Amino acid sequence: MAARPPRPASISTLPVVAVATSGGRDSTALLHATLRQAAGSGLQVLALHVHHGLMPQADAWLAHLAAQCQRWRSRHPHLRFDAARLSGSPSPGQSIEAWARRERYEALARMAKAHGAGLVLLAHHRRDQAETVLLQAMRGTGPAGLSAMPDLIEREGIVWARPWLQQPAQAIEDYVRRHRLRHIEDSSNHDTRFDRNRLRHQVLPALNQAFPQAEQQLQRLAEQAQAAAALIHEVAAQDLAAMGASQAGMPMQAWLCLSPVRRRFSLQAWLQHRQADVPDSLVARLLAELPRARQGRWPLGPDSELRLYRGVLQPLSLPLNRVVEAASLQLPQVVEPGEWHAPAWQGRLRLSAASEGGVPLALLAGACLAARTGGEQFQRAPRSTLRSLKKQFQAAAVPAWARQAPLLYGAGGQLLFVPGLGVDARALAAPGEPQLRPEWLAEPAEPT
Ligand SMILES: Nc1ncnc2c1ncn2[C@@H]1O[C@H](COP(=O)(O)OP(=O)(O)OP(=O)(O)O)[C@@H](O)[C@H]1O
């Protein structure tokens, strides 16, 4: 019996490669080149476009792309097109460009995932890379900024690739002419109020003329900076692990033992865990002030700050009601049953009415929460031996993550309560004495 010819694969089962397409010259060329490469390969090509809702012409660009993909589909039946319209706007103080970039990547990632594409191609080329390096240099950035754009990076399950990062703009122009590709012209690319446009039209031509290898050298600089940034990242991560830093706090004693340059990069890395954009001015201030400070507070963001207390630098979120602050006494002088949120430690302190096993109200007056700094002593039961907190945690098999919760200290510095162990026997109220029983309630970590 003759074998049946294999059935063509259904389009929805083919592997998908996405191309981010603005409709401009470069991404039009990349989409076209990808389609040619993919022809007969069994790959599905997905053109993705983001309508930013910022320019009056954006509707026409979207219509142009949809029509172009429709035409190209006659020769490339495995071409699909999708677009997203952004509806938001930048928040006060945020640049339109930064907002548009972030939203664009998020929209591209959403669409790629919805279509099962794990790879998104971007049409940046060598001149874009040179411009990015120079722009970063003009901002006085460090190795991370000078790294400019990676040719391949994985973020949140999507691989972003820039296959033309080594290609000169001229090669793409030639390709577009050879294939007579139609593309849109974004008039804002000539608006010299934008830094990039001034650089492109006024600086780069002169630079290329004076140094014909300028773009290649700037690309090499970006690669060197990428290696340096990766090394800094590795060393900072090792230093933070060695000093026992966590999201909740960075111990100052160990940090001060580092060389100045390692202090700087470990501090920066620790701050960036919490907040992507850490102002250089804050890092400079902390580097200058922390070595001499015993206590202190520094603004971190609109709703958070850093506190130095008992040798630990801690980030605190501010707006939640009744934030238990580490640096000053937070429980009032007259303490009543209630709950205090401590977002920096991802938990709540609850004080409940009790007739035994609690802490006397007198000791709770003006008490505060503080991070473990090492060397604390704790007594489990009235006639038991005083032992180090570390040993007590081990004996009670308190898991390592639970040992990061804050300790409750009385106004006089007396240890009152340790999450996971309970009330220190020296702070136990006598039966019938006015008292409250402390309890620590851990909250699930927020996604970062
Ligand atoms: N609105 C958009 N929708 C989808 N992808 C985009 C969009 N804008 C930019 N991109 C992607 O990001 C790359 C770089 O963006 P950039 O703003 O430098 O390019 P462009 O000048 O808008 O267009 P092109 O690179 O196509 O000439 C584009 O080549 C494209 O891959």
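From the backbone N, Cα and C atoms, a Cβ is placed for every residue, glycine too.
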- Would you please say which range out of 36-63, 148-175, 204-231, 400-427 has the annotation coiled coil in TrEMBL? 204-231
- Message: I need the neighbours of the ATP site defined by Ser22, Gly23, Gly24, Arg25, Asp26, Ser27. Which other residues of that chain put their C-beta within 8 angstroms of the C-beta centroid, in sequence order?
- Response: Thr21, Thr28, Ala29, Ala123, His183, Ile184
- Cβ neighbour count within 10 Å of Ser27 (ATP binding site): 24
- What are the DSSP helix, strand and coil residue counts for the domain 'Lysidine-tRNA(Ile) synthetase C-terminal' (369-440)? 15 helix, 23 strand, 34 coil
- When DSSP states are folded down to helix, strand and coil, where does Gly24 (ATP binding site) land? coil
